[in-house]
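The next block holds one structure in the form of structure tokens; read it before the comments.
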Amino acid sequence: MSGWDEGAVFYSDQAQFPRGGPGGDPSADLTRHSALRKFKEFLRGFTGPTGDFPYRESLVHNRDHVTVAIEDLDAFDAELSDKIRKSPADYLPLFETAASEVLASLRSKVAGETGEMEEPASGDVQIFLSSKENCLSMRSIGADYMSKLVKIAGITIAASRVKAKATHVTLLCKNCRSVKTVPCRPGLGGAIVPRSCDHVPQPGEEPCPLDPWIAVPDKSKYVDLQTLKLQENPEDVPTGELPRNMLLSVDRHLVQTIVPGTRLTVIGIYSVYQASANQKGAVGVKQPYIRVVGLEQSRDANSNGPSNFTLDEEMEFKEFAQRPDAYVKICSMIGPSIYGHSDVKKAIACLLFGGSKKRLPDGVRLRGDIHVLLLGDPSTAKSQFLKFVEKTAPIAVYTSGKGSSAAGLTASVIRDGSSREFYLEGGAMVLADGGVVCIDEFDKMRPEDRVAIHEAMEQQTISIAKAGITTVLNSRTSVLAAANPIAGRYDDLKTAQDNIDLQTTILSRFDLIFIVKDVRMYDQDKRIASHIIKVHASGAAASSKNTDASEGENWLKRYIEYCRVTCKPRLSEKAAEMLQNKYVEIRQKMRQQAHETGRAAAIPITVRQLEAIIRLSESLAKMRLTSVATPEHVEEAFRLFNVSTVDAARSGINEHLNLSPDIANEIKQAEAQIKRRMGIGSHISERRLIDELNRMGMNESIVRRALLIMHQRDEVEYKRERHVIVRKA
């Protein structure tokens, strides 16, 4: 049988991937050569809807990277896109090799046409992937997705410094000085170093020992690597659960493109790494992370991007904006289960829509976000409003003042356990960038923590200079805060200064300040009681209609989103002139009031308040999708400003003026008794003094009013949280 195979040539494809096709049949899978060829054909020959060659042109104009849509790969070759989805770690390096080769051939052709034969620039081309598929939930990603392509959305809460990651490590044998280069696994993977040297010893030569290799850093090849921490979007976290985090690894041209607080949509390879080598018996337990191969920053207040409005939705929104009762209808959707408070609802509607951001020629940014403070008695639905806004705003973070520190609200510097380096982690004001921060119990915050949000409220940035990290984070958020007066309830016998225990610096940053009082009126109490009983009685029926309510909330959320993205109104000339006159008039009234009472207003009326009225006017125009704010919008903005901030500034000031002769006489008698009871410099408990004068037949409210007037004349002073009175004169 000799010579039976003469003349035939047999070969084996050594480049076959280690994984075979289904059933272990290698022929059913793509070979390395055929995959490389198909990738080249795709980059060269794929045509867009207009007949152009998008990827070929992209490579010529940008030699470093090219973004490939998986949907285009699907249309070109379904098998190829399937391989990219299921085995991205194997096929993406091939794709990048194909891109480098296509770029080299294209550049040599371009050089040939000009008549100058240049050597084509060789270099690695990074492939970025993009997809229009829906994002997976962070909680749903498990072992089934290992080594596959996944797409998730979230908000960046931390970013590490850039490190150098070796792609090829050069090893030197300590014994025979021979050199070997071994590749490194991409992402957070390391290199596999052989135990023995390849050198064959000569007769009489001592063989190389085990583990003879030492790394030569100067001869190794590196790429930039950065790790990010991605957290679930606040609106996606189930109630009562902590938000989940995912570690991301970005390299080459993706490093230093993301700052904490940025909302991202990420495509990457779900991988694992060994977190710590010190854990005994945990060799098989690995930590998951995502090696990013494509990311997209979400625009404005929408984690899915603003382009996902259908034509039907846009038509519906535009029709709604043309309705004469659009403003009233929107306000009725704010807190529908809350009775009354129509002006507060209108203010919250303005806060949700926001004004227009502006950038001046000298680079200064003027904020468009509106801040609202609700100050008043308990059980006046303040927290209900905050909870409603948290559900309705496209981006919202809810926090309580007592449980919030300065670092938790702004940003903290944390030391990484493994690398011992510091990195930034954004707080509530950073995470809500482009949305609303709801702060309950605002008055219970420590003053040093409250000061931390001054810059975030006006300049819309947070400056950090800690542990060698000096940076500025964006914090373009609206603040909706709720607070109680000093004594828990608003005391009409006290001035606004005595009721509001907040500094002027923080009060001037709020555009609207509402004093919400629990007024005891028979008819109103009856209507409120009837409304609350109906809400509770129809609870069972309402649960079946819950879908309708949630649909209404979703519609409002989408409408707010659409208005914020598409409409940027500006003031008309008539509106600007009217605004100027009204502002000067308000300042004049406040100056006159301060002159009459001898005390400055508790809530200052400054240029910030003028800007607040401009923002309110723009917000009212934005609700109607109009590009110009008219005098009618300015009129309504002034009305809101008058019933909130101006009323709050005036409240309690003239309480002791224009008293009836009988009451004035009683107050004088009370003052005389107080002076007889207390010598100059002596002190007494307020409660004890009131009880003693009560036993003498004096009304408690008269005694309190007398103390208030004496305090204003600086004759008595309060100490120990207003529990003790000291007579001064």
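For all residues, glycine too, the Cβ spot is worked out from N, Cα and C.
The shown structure was predicted, so the numbers you read here are calculated from the model rather than taken from an experiment.
The domain 'MCM' annotation in Swiss-Prot covers 326-532.
Neighbours of Pro378 (ATP binding site), defined as other CB atoms within 10 A of its CB across all chains, total 10. Taken from Swiss-Prot, the feature ATP binding site covers Gly376, Asp377, Pro378, Ser379, Thr380, Ala381, Lys382, Ser383, and the record attributes it to similarity to another entry.
Computed over the motif 'Arginine finger' (508-511), the whole-number mean pLDDT of the model equals 80. Annotated motif 'Arginine finger' per Swiss-Prot: 508-511, in sequence order.
Cβ proximity to the ATP site centre (mean Cβ of Gly376, Asp377, Pro378, Ser379, Thr380, Ala381, Lys382, Ser383, cutoff 8 Å) flags the following additional same-chain residues: Leu374, Ala482, Val516, Asp518. Thr380 (ATP binding site) falls within neither a helix nor a strand when secondary structure is assigned with DSSP, and so counts as coil. The binding-site residues in question are Ser379, Thr380, Ser383, and the one with the fewest Cβ neighbours inside 10 Å is Ser379.
The number of other Cβ atoms within 10 Å of the Cβ belonging to Asp377 (ATP binding site), over all protein chains shown, comes to 16. Over all protein chains present, the Cβ of Ala381 (ATP binding site) has 20 other Cβ atoms lying within 10 Å. The Cβ of Lys382 (ATP binding site) lies under 8 Å from the Cβ of Leu374, Gly376, Asp440, Ala482, Val516, each of these being in the same chain and 6 or more residues away along the sequence.
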